[in-house]
Amino acid sequence: MLAAHTVADVRRAEQGLADDTGWDVLMQRAARGLADILDDRLPPGATPVVLVGPGHNGGDALFAAAHLGERGRRVNLCLLDPDRVHGPGLAAALAAGASVVDSPRGHTHLVDAVFGIGARPGLEGPAAEWARWQREEDPWTLAVDVPSGVDVDGGTLPGEHLLADVTVTFGTLKPALLLGPAADAAGDVVLVDIGLGPHLATPAVETFTPDDGPPAGHRMTGDGPEHKYSRGVLGVAAGSEAYAGAAHLVVAGAQAGPAGMIRFAGSAELGRRVVDRAPEVVAGPGRVQAWVVGPGGDDGTAELVRAALTEQVPVLLDATALQSLPDRFDVPALLTPHAGELARMLGVSRDDVDDDPWGHARAAASRWGATVLLKGRRTLVVPPEGPTRANRSGTRWLATAGTGDVLAGLAGAWLAAGLTPLEAGSVAAHLHGAAGVRANPGGPVTASGVAAAVPAVTADFLAGDLHRVRDW
Ligand SMILES: NC(=O)C1=CN([C@@H]2O[C@H](COP(=O)(O)OP(=O)(O)OC[C@H]3O[C@@H](n4cnc5c(N)ncnc54)[C@H](O)[C@@H]3O)[C@@H](O)[C@H]2O)[C@@H](O)CC1
């Protein structure tokens, strides 16, 4: 897992580390890591311009500029305010041959060290002009710690900000590097270890890496003899006359997961069609360990939600079912809206949700006492308490009809197999994204194709070796 911590937690951890080592050591570790990455990423002979702000973020970059100068590279510096600049850093950079210039214009390589975790979101004055220049001339950009101007803790973009191709961050990730829309401004994220680990508290946000395997607790890792019931039975109440395809796709997603059996609850006619295509499915009532209700549903969905909730097993509610929520959940619940559905649940506009997805998903998680999986380019899985999971796997080609139904089935299967809503939702989102990449690297996919790619991706995940999960 990669973790992201809030500014307050980073400050506390830095203080703890600085108590042991002194502040200078922290900045020198950050600066050396930054210089190594710049050395690696800048083309030979390129002269970067560093936009230097008034705080330690600027200080990091100035010491990095000094390292680059000592290694023979020319570096230009643009100071936001010559009266407020990290003095020892500037002295070191100038001594190593860096030059101060008036404007970044004409540079093809930019280092953004205007603001770090001390930033108020939104740039003004000369910093805002730098952001406009960047949009015009589009230099390759490396951001130091975070792109300047973003809302570091909330991941929103309330005003003018810089964009990065690469962000080099120190000690731990920051929420804005994992949460949309700010994460889209950060480019690739590279973490430099400055020794903060032992001082860090519980993260605010986490994300799977390709080396992460499954969490403990699903029924496939038990020691005892396994049979289909011990692996978990998933009940699926999905599809309708108008949306029969949703029933097939939820079942396809569910069959790609770890559950031992799927029961289909729906009209006799739809049940026959589902079993025709998927003879492993049992149509009709019986005990289940979890329910998926709602994809492709009709007027009857409210009743199906009520019936599922009386069984006192975990539920996943999607699509139409999201319009029939109880006041609070008394069973483990995973709600899987897209931005429009979450907006309707909360009585806000879709733009509101798009501008602040994490804030709205957290509001819903706390309102209903449920885990909210907000689908999108960066799917979030937000429990009522504790760290959020941000998903980074996937491809833009997953934005196609039916992939949400496959995801619902897959997450439901992991719920039935014994995972918590947070684990089930985040594992399913991770595998679903990776399957989208695996189904057709670099090109379009169908929802059925994604479901078909999930089992092999799952085998790699169970082995802790799931590579090639991103393809944007
Ligand atoms: N504390 C430390 O010793 C370490 C800090 N590190 C670096 O230091 C950074 C944090 O340093 P600082 O706390 O100095 O904060 P920043 O470097 O982010 O800058 C804060 C300063 O900028 C001003 N400011 C913030 N937003 C503004 C805005 N929108 N418009 C105008 N002025 C604005 C603030 O008033 C403050 O003076 C980290 O992001 C990281 O890059 C690293 O060197 C690791 C160790």
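Note: Cβ is positioned from N, Cα and C throughout, glycine not excepted.
Matching G347, G402, G404 to the AMP binding residues that TrEMBL gives (K375, G376, R377, R378, T379) identifies G404. Record check: TrEMBL places D112, S148 at the K(+) site, and the matching candidate among N57, N391 is N57.
A strand conformation is recorded for D112 (K(+) binding site) in the three-state DSSP classification. With respect to Cβ neighbours within 10 Å, the binding-site residues D112, D145 differ, and D145 shows the lowest count. Proximity to G376 (AMP binding site), defined by a C-alpha to C-alpha distance within 10 angstroms, is shown by the following binding-site residues from H56, N57, G59, H338: H338. Our reading of the AMP binding annotation (K375, G376, R377, R378, T379, G404) yields a largest Cα to Cα distance of 14 angstrom. Other C-beta atoms found within 10 angstroms of the C-beta of R120 ((6S)-NADPHX binding site) number 12, with every protein chain shown included. Other than the site residues K375, G376, R377, R378, T379, G404, same-chain residues with C-beta atoms no more than 8 angstroms from the centre of those residues' C-beta atoms, the AMP site, are H338, L374, L380, N391, G394, A429.
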